[in-house]
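*Asks:* Pasting a structure here, questions to come.
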Amino acid sequence: MSESVHTNTSLWSKGMKAVIVAQFLSAFGDNALLFATLALLKAQFYPEWSQPILQMVFVGAYILLAPFVGQVADSFAKGRVMMFANGLKLLGAASICFGINPFLGYTLVGVGAAAYSPAKYGILGELTTGSKLVKANGLMEASAIAAILLGSVAGGVLADWHVLVALAACALAYGGAVVANIYIPKLAARPGQSWNLINMTRSFLNACTSLWCNGETRFSLVGTSLFWGAGVTLRFLLVLWVPVALGITDNATPTYLNAMVAIGIVVGAGAAAKLVTLETVSRCMPAGILIGVVVPIFSLQHELLPAYALLMLIGVLGGFFVVPLNALLQERGKKSVGAGNAIAVQNLGENSAMLLMLGIYSLAVMVGIPVVPIGIGFGALFALAITALWIWQRRH
């Protein structure tokens, strides 16, 4: 890995390109692996309510490791942290390929993802600064969503052909991400921090307190947590919605529908990069409310074309909503608790929201509530939550 103390802050520097490529391949593997593993669960006749449990063990790793991964990201060169994390993902995907319990293998991928996230976002503030940070976030989100688009579809299509081929493709993507990480320049870290677990937990709780007590960062944390909690729940809702509403039982169709959301988020992220700055973040809030309005309308559809269009609209609104909130947290968090710790706190909030929403969704499926009413109620509650957040933000 090349040694560098001073960074080229160009939006298209060599280091930024390496980060974007690594992010694409890593996110491609994450999304392909989800649908490949869901296909494996179906092939092995696991109950439907166990599907969200797969994601819950993944986000559980984020929550348990939250006090530690931020310091890891800040104490070592972030490119090396990303490389190690992608290596863990590779190991997890390979273990599922070789017949180890899919929940255990997916948990290992979750450990890698937990270590990866603070580094991948924290490095943006080191590779670029100021007005370019929102644009860099737009590039990162566009890369991630392009990977969601292609990875989700690849996972479903390959799983319809052969589940083992789909799992092997995921491992290959993670291997490519490890190689791309080699080309990220070695940036300055903050070594010398205590590695006592009690002290690290206390430090993390202090970072949580600092960010949650600040009005701007609390606003960002709540908004992104609600968005990603809702987003991951929607992915699983689609898996059950497709056969009920459309009468289609393959693995590929839910991935095509998820791809529509991904395309929309790319468009929305690009629009946010052009139209929203750190000083005008509140412009994104109406888009968040509209997500909750569109989801119930989507849930009532019975034809593919309207479903595609509405999911793309949900994606556009989502991209426009979440990118400015991410940038706000990174900018304010970098100055107060360090970029890595800020993202770790964000991950705790987002994954706690995911765990809660997935748990409620899994329980609803387990007790037999039909998927269409689940979708309607889910959208309505999301719209109310974002409306309440906007009202709170305007008053404070």
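Just so you know, the numbers here start at 1 and follow the chain as drawn.
Here the Cβ of each residue, glycine as well, is placed from N, Cα and C on the backbone.
Here the structure is a predicted model, which means the values were calculated and not measured.
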*Asks:* Determine from Swiss-Prot whether L328 and S210 lie on identical sides of the membrane.
*Replies:* yes
*Asks:* Counting each residue once, how many in the topological domain 'Cytoplasmic' (39-52) are helix, strand and coil under DSSP?
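*Replies:* With helix first, then strand, then coil, the topological domain 'Cytoplasmic' (39-52) has 10 helix, 0 strand, 4 coil.
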*Asks:* Pull the DSSP breakdown for the topological domain 'Periplasmic' (247-255) and write it out as helix, strand, coil residue counts.
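*Replies:* Breakdown, helix to coil: 4 helix, 0 strand, 5 coil.
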*Asks:* Please list, for the topological domain 'Cytoplasmic' (325-342), how many residues fall into helix, strand and coil according to DSSP.
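*Replies:* Tallying H, G and I as helix, E and B as strand, the rest coil: 16 helix, 0 strand, 2 coil.
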